[in-house]
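Participant: Got these off TrEMBL a minute ago, pasting:
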- 223-246: region 'Disordered' (REGION)
- 6-30: transmembrane segment (TRANSMEM)
- 42-62: transmembrane segment (TRANSMEM)
- 74-93: transmembrane segment (TRANSMEM)
- 105-125: transmembrane segment (TRANSMEM)
- 131-156: transmembrane segment (TRANSMEM)
- 163-185: transmembrane segment (TRANSMEM)
- 191-212: transmembrane segment (TRANSMEM)
Amino acid sequence: MGVVHTLHFVFGIFGNATALFLFLAPIITFKRVIQNRSTEQFSGLPYVMTLLNCLLSAWYGLPFVSPNNLLVSTINGTGAVIETIYVLIFIAFAPTKEKKKISALFLLVLTVFAAVALVSMLGLHGSKRKLFCGIAATIFSIIMYGSPLSIIRLVIKTKSVEFMPFFLSLFVFLCGASWFAFGLLGKDPFVAIPNGFGFGLGTVQLILYAIYCEKKGFTRKSNLDESNGKSHQEEKQSSKSRLEQV
């Protein structure tokens, strides 16, 4: 039993570390967004859904809701702050239509979390409170992990991983694996089930990255060659015109 508790704690710490890297992985993406002052083809949905997942999971991990899951609460509370910053940056630089969409989803996320927190505190107690919050956290954890599916479709369609950052995919895989193990060892299906799904989805993303990673460089090189070709052609035409004038 002591070994199981030790492993449970170790996977919880490892889960905190990998989850922190997962939350910080989009910094590269948002640096690009700020520099270009545009969200380009990046999707804001994963960040909004991750925010909701963090809020609900942080609430679920609190001792008065779910005992022995404080490690779940600490990292998800941190994640909620980070994801809020990402969402606000995305809204600031998104096109008008996308800005309205993500703003509406952001307000919906806050409303859903407030509703879950109020219902669980005012109307439920003991195991019923844990069950209600656990189901809510599980549902939205699966939605969070599933939100990159639109990007996966884009990768398959374009055969390019330009808009699916590698480190984000890697830490989805590592985070899902660690918390899946944490949930199994702690016999907590509300932690194990959604993170098992995340572990599987992270595996799919890494496989796609391995298949199409060379296409990313090829696409950029093709665009550069095309641009250089146009510039060279324009220069030739300009020289020809000058000769004709002479």
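Quick reminder: no glycine exception, Cβ is built from N, Cα and C everywhere.
TrEMBL labels come from automatic prediction, so no person has curated them.
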Participant: May I ask which of the stretches 42-62, 74-93, 105-125, 131-156 has the most CB pairs under 8 A with the transmembrane segment (6-30)?
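Facilitator: Result: 74-93.
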Participant: Would you mind listing the long-range same-chain contacts of the transmembrane segment (191-212), meaning Cβ under 8 Å and 6+ residues beyond its ends?
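Facilitator: For the transmembrane segment (191-212), the list is 69, 72, 137-138, 141-142, 144-146, 148, 152, 155-156, 159-161, 164, 166, 169-170, 172-180, 182-184.
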Participant: Should the transmembrane segment (131-156) and the transmembrane segment (74-93) be scored as in contact, given a threshold of at least 3 Cβ pairs under 8 Å and pairs 6 or more apart?
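Facilitator: With fewer than 3 qualifying Cβ pairs, these stretches do not touch.
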Participant: Cβ under 8 Å to the transmembrane segment (105-125), counting only same-chain residues 6 or more beyond its ends: which ones?
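Facilitator: Result: 44-45, 48-49, 51-52, 55-56, 59, 65, 87, 91, 132-133, 136, 140.
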